[in-house]
Amino acid sequence: MKNNIYSIGIKQSLTIIVLSVFISLVFNFFRSAPLPIVGKWDVESRLTTDAGKSMVISFDDAVSLFEQNAAVFVDARNVDQYEYGHIKGAISLPWHDLQERFMDVLPEIDPDMPVVTYCDGESCSLSHDLALFFKDMGFQVYVLVNGWSVWKAGSMPVEVKAQ
Amino acid sequence: MRKTKDGLNIAGNRADKVILIIHYISRWILGIVFIYASYDKILYPEQFASAVYNYQILADILINITAIVLPWLELILGIFLIFGVFVPGTVILINFLLVIFTTALVFNLYRGIDVNCGCFSAAPGATPADIWTVARDISLMLFSFYLFFYTFIKRNDIQGSFKKIYS
């Protein structure tokens, strides 16, 4: 009997999984905007707007904006990471505190300048989410992919926490 | 010996009754939590897909299918738990999912990746994952382990109560 209950359990688990897959696919199929079964999650696709325009800025272009003081750099990582080290002059606006922090940060952002958002890591999506938010607010916005790492690697000016 | 409406046999024994009451409480709590967790994700699969992506654990090809199927799996498991349908199967899957969810959370907290939990709301920025999210998952696991223990491991040792349970 003891072995039996396990095999019953496993058979039932498989039945439940098959049922879920079936119901969810049918439901998804009849949604007004079905989610594609296989999505495009590579960096390029994620940073392309619905209009087909890429928001990615190259390191060199970001550097030239920085040197001409012609863009506002916004750090999308959390406050600890920002305090530990960030691009010189960058404003901290953690994606997770967006609602609380945005109104405080807004006066520091010149609306005539483009915004460059960044976080850290090739697949970090905080800067991307933040960029879409700025775009909806009417800003011209770019994403510097893997920003913190490439900035350090390029020996560009940073502000780091005093040890 | 008395038979409850979903076919459980209860011996008169008080210990068995306590076991059974906790069993029902666990099923109801987990059932409600799973149904509640599925709701927002079923409505907004795109946002949930982003949450899944942000965990950076699954291969890109598996992200959308997970975002489509997982919320429905949670809903069905929640309903089955509450109504006592396929209990052994449901208990296996609930345990499996909670272990996976908690591991994924702990793994990303350890890696220092700032993930949106995506646990109850799919909305970005709604609930950052932190140590409390892990604590909540672990407390849910206590209930699911309890169910697993008395559904599989201790099943034959208790007097009568679970002999004919759910099969």
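One is the number of the first residue shown, and numbering goes on along the chain from there.
Using N, Cα and C of the backbone, Cβ positions are placed for all residues, glycine too.
What TrEMBL annotates here:
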type	residues	note
DOMAIN	B:22-148	domain 'Methylamine utilisation protein MauE'
TRANSMEM	B:21-39	transmembrane segment
TRANSMEM	B:51-73	transmembrane segment
TRANSMEM	B:80-107	transmembrane segment
TRANSMEM	B:134-153	transmembrane segment
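Among residues of the same chain six or more beyond the transmembrane segment (B:134-153), those with a C-beta under 8 A of the stretch's C-beta atoms are 19, 22-23, 25-27, 29-30, 33, 87-88, 91-92, 94-95, 98-99, 101-102, 105-106, 109, 119, 162, 165-166. As a summary of secondary structure, the domain 'Methylamine utilisation protein MauE' (B:22-148) carries 100 helix, 2 strand, 25 coil according to DSSP.
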